[in-house]
Structures are given as C-alpha cells and as structure tokens.
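Swiss-Prot has this to say about the protein:
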| type | residues | note |
| --- | --- | --- |
| TOPO_DOM | 1-15 | topological domain 'Cytoplasmic' |
| TRANSMEM | 16-36 | transmembrane segment |
| TOPO_DOM | 37-67 | topological domain 'Extracellular' |
| TRANSMEM | 68-88 | transmembrane segment |
| TOPO_DOM | 89-92 | topological domain 'Cytoplasmic' |
| TRANSMEM | 93-113 | transmembrane segment |
| TOPO_DOM | 114-132 | topological domain 'Extracellular' |
| TRANSMEM | 133-153 | transmembrane segment |
| TOPO_DOM | 154-159 | topological domain 'Cytoplasmic' |
| TRANSMEM | 160-180 | transmembrane segment |
| TOPO_DOM | 181-187 | topological domain 'Extracellular' |
| TRANSMEM | 188-208 | transmembrane segment |
| TOPO_DOM | 209-227 | topological domain 'Cytoplasmic' |
| TRANSMEM | 228-248 | transmembrane segment |
| TOPO_DOM | 249-258 | topological domain 'Extracellular' |
| TRANSMEM | 259-279 | transmembrane segment |
| TOPO_DOM | 280-288 | topological domain 'Cytoplasmic' |
| TRANSMEM | 289-311 | transmembrane segment |
| TRANSMEM | 315-337 | transmembrane segment |
| TOPO_DOM | 338-351 | topological domain 'Cytoplasmic' |
| TRANSMEM | 352-372 | transmembrane segment |
| TOPO_DOM | 373-404 | topological domain 'Extracellular' |
| TRANSMEM | 405-425 | transmembrane segment |
| TOPO_DOM | 426-481 | topological domain 'Cytoplasmic' |
C-alpha cells in the first residue's frame, strides 16, 4: 500500500478532467430534471398566488428582498475568494480559475443536497427553489472554497472536484444536524461554514502531507503585483461581509443588527491586525499576509452572534480579539503546525477560518446563554432564537449549550470528514502535481510565454516559514551583483 501511494505523480488530466466534468454535469442535468422546480415566487403561477393571498404588489416577492444580499454573497464567492488566492507568484490562474470551477459545480450539487435535507416536498417529491436557495447554495460551496485554501497549489482540478463533491455532501449533513436537530442559530456560518470548511481542508492537507514540498520552495511565495491582486479579493470580502452574515436572517431587526455587528467587528479587526503586524517587524513595517487575511477574521467570528444582541462594543471586542488571534496564528501557529504536526496550510485557513469560526461558535453560545428578557423582550427572545413549537420551552442556558455542541459537531465533521476524503484523494489516479511542480500554473494551464522577468529585488517569499531570512538573503545577493 505504501508503494501504491508513493507512485510517481503525473499531472496529466486530459482524459480525467473532461470525463469528470462531462459526466457530473450530465448527472446534474438529469437530477435537476427529476427533482428541481421553481417555487411559488419564481413560477409563472405567481400572478394567481398574488390574487389568492391578496398581494397587491410584486415588491412582496422574495426576489426583491433577498437579491441585493445574493449579489453581494455571489461576488464574495467568485471574486472575493478567487482573488484572495492569487497571491502566489506563479499560481494566479489556478487560484482564481479553480475557485471558479469549484463554485460552479458546487452550487449545483448544493441546491440538490440542501434541497433533499431542507426543502423537499414529500407530497410531490420535488425541491422548489427560489433566490434564498441560491444564497444557501453559495454558503454551502464556501466551505469547499475554504478547504481549497489549505491545499492551494498542491492538488489537481480533478481532486478539487472530488473534494467539492464530498465537501458539499458533508456540509449538508452537518448543517442539518446543527440547524435542525440541535436547533442552533448560525446566520453567518461561523460554525457550519468557517469552522467546518477550515478543518475540512486541514484534515485533507494533513493526510496529503508532502515531505518534499521544499522542492517547490522557489514558487511558494508572492511578488508585488500578485499581492496587489490578492488585496482586491480581501477588499471585496471585507466590504460585503455584512451582507454575508445578514443574508438569510429574519426580516427586520435581526438582519439590521447582523449587518451592524459584522461591520463593527471587521473594522476593529483591521486596526488590531495592523498594530500587531507592525509590532512584529523590527522596523515597524506591515506584512501583506496579515493585512490580506487576518483583517477578515472579525467577520468570520461574528457570523453566529451577528443577529444576537451582543451590543456594538461587544462586536468591537470580538473583532479586536480575532485580530490578535489570527495575526499570532500566521506568525507562530502555522510554522508550528507544519514543523511538528506535518500540516501544510498554503493560505493559512487555520488562522482565518478554522479558529475564528470555532471562536465565533463559542461566542454565540455565551451570548445566547446570557440573553435576558430585559435586553431582548419576551417576543424578541422568541423571534431571535426561534423558541417556537417543540422548542417553546427551551431556556437560553440550554440554547447556549446546544450552540456550543453545534460548534463541536462542525469541527468534528471537518476533521474526520477531511481525513477520510484525504485518503480518497491520496490515490495516485487524480493527476496531482509532483513535489517540484507545485504552485506552478504550467502544470494545468497554458501560460503566456512573453512574460517579463521579475527582478529579484521585487520578489519575496511571503506566506512561508523563515521568509524574513529568505528576504535578507535575496536582498544581499542583489546588492552584491
């Protein structure tokens, strides 16, 4: 078995990639034909529905309420996540292009998986979809995109499609357990999206550990313009994160509050990150790794508690703490994990998604357990935590306990599911790149030949362990030449 897994890698995907894409897309067409239908607000019978329910205006259609949030979330998925992964000096095509591939396949599979768990009409056997389903599908595929961040530059597009197939499936199951069986509240997905997606990617990366990855060390870094492109992704994510955390919250005060809390958490996180990044450098200079990534951790951590009455200063505290935790993670935890736990995390998703997501889940548990009628009002408590039906007698303390349990479920699903999927992806049939060919677009993309040679002085081995030592060596060699 060891010899089987240790066979020579071959990045040839001319047969496997078209085959997987064609077969799975045809399967989607068939499954959509069998199961998927328009819901009453997107069906042509909407006119009759308006008359029956005394609706006088099309403005009551959910499209006009949800679509602005859907637009923002959609931009985050395709532009924000995509460009955030373009920091590698020779892997920008793969960063944004494979992000596009994962998302395009994942949203189709997510509409089916989430539909079977949440929206299946048992009387007809059909799944009826509208604009809210599109938002949820984007949320679902976000978990797989986060996992991709841990594997960036080290896997083939076929492996990424397999990762997405299992990732969306696992997401739908853990989401059903957390939101329906445990009755947790997680509007912005700190638990179900970020904690799960982060640990899912880390679990896969741990199994796919490459002891000879140093052979691609020359490409495991950024250049000036690649970091600028990555910063574009950061800014899109940062600007639209309030929409992400509030997109599927209840109409009214909950959605309004979620946007405010996220807005403040993000702002606080930026200042904290800048302060720590500057403190770490002897000359007070800022590190783009921290600015691109750790500045977003506040939005991740505010996901669960976004619609709760955490208060504006509470949101600032969460962002402040996440800025510290995430920046320290990039400085010290990521090198530790690679050296001692053999965990290679290209984008540092452990610091941006996994830990802040887990922290956000526990923050939500504490805030839920501390909720009182004097702060929320009786009706406000019922509405915020959905204490209705069989949950009408649930206390806030019990709700806090279930919120904490939901966080543990998300982490467990991510780690265990990631390890299992990692073993599947370890089979040498997926066309993954050799150790000396990682982080290089030429393995899977036609790269223009007329690229200008980048002067060594503009290169710096960012997103790497011992990078400061490498910078010093590079600068020294340039000065001597």
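Counting starts with 1 at the first residue shown.
A Cβ is built for glycine as well, from the same backbone N, Cα and C atoms used for every other residue.
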Under 8 Å between C-beta atoms and at least six residues away from its ends: which parts of the chain pack against the topological domain 'Cytoplasmic' (154-159)?
11, 13, 16-17, 20, 98, 101, 205, 208, 210, 213, 344, 346, 425, 430-433, 438-439, 444
For the transmembrane segment (160-180), name the stretch out of 93-113, 188-208, 289-311, 405-425 with the most CB-CB pairs under 8 Å.
93-113
Apart from its near flanks, which chain residues at least 6 from the ends of the topological domain 'Extracellular' (37-67) lie with a Cβ under 8 angstroms of it?
126-133, 135, 247, 251
Using Cβ distances below 8 Å and needing 3 or more such pairs, separated by at least 6 in sequence, tell me whether the transmembrane segment (68-88) contacts the transmembrane segment (188-208).
no
Quick test of the contact rule: Cβ under 8 Å, at least six residues beyond the ends. What residues does that give for the topological domain 'Cytoplasmic' (338-351)?
84-85, 88, 146-147, 149-154, 197-198, 201-202, 205-206, 209-211, 213, 220, 289, 293-294, 297, 325-327, 329-330, 463, 465
Short question: most Cβ pairs under 8 Å with the transmembrane segment (188-208), which of 133-153, 259-279, 352-372, 405-425?
405-425
Secondary structure content of the topological domain 'Cytoplasmic' (280-288), with strand meaning DSSP E or B
2 helix, 0 strand, 7 coil
Report the DSSP secondary-structure composition of the topological domain 'Cytoplasmic' (209-227) as helix, strand and coil residue counts.
11 helix, 2 strand, 6 coil
With DSSP, how much of the topological domain 'Cytoplasmic' (338-351) is helix, how much strand and how much coil, in residues?
6 helix, 0 strand, 8 coil
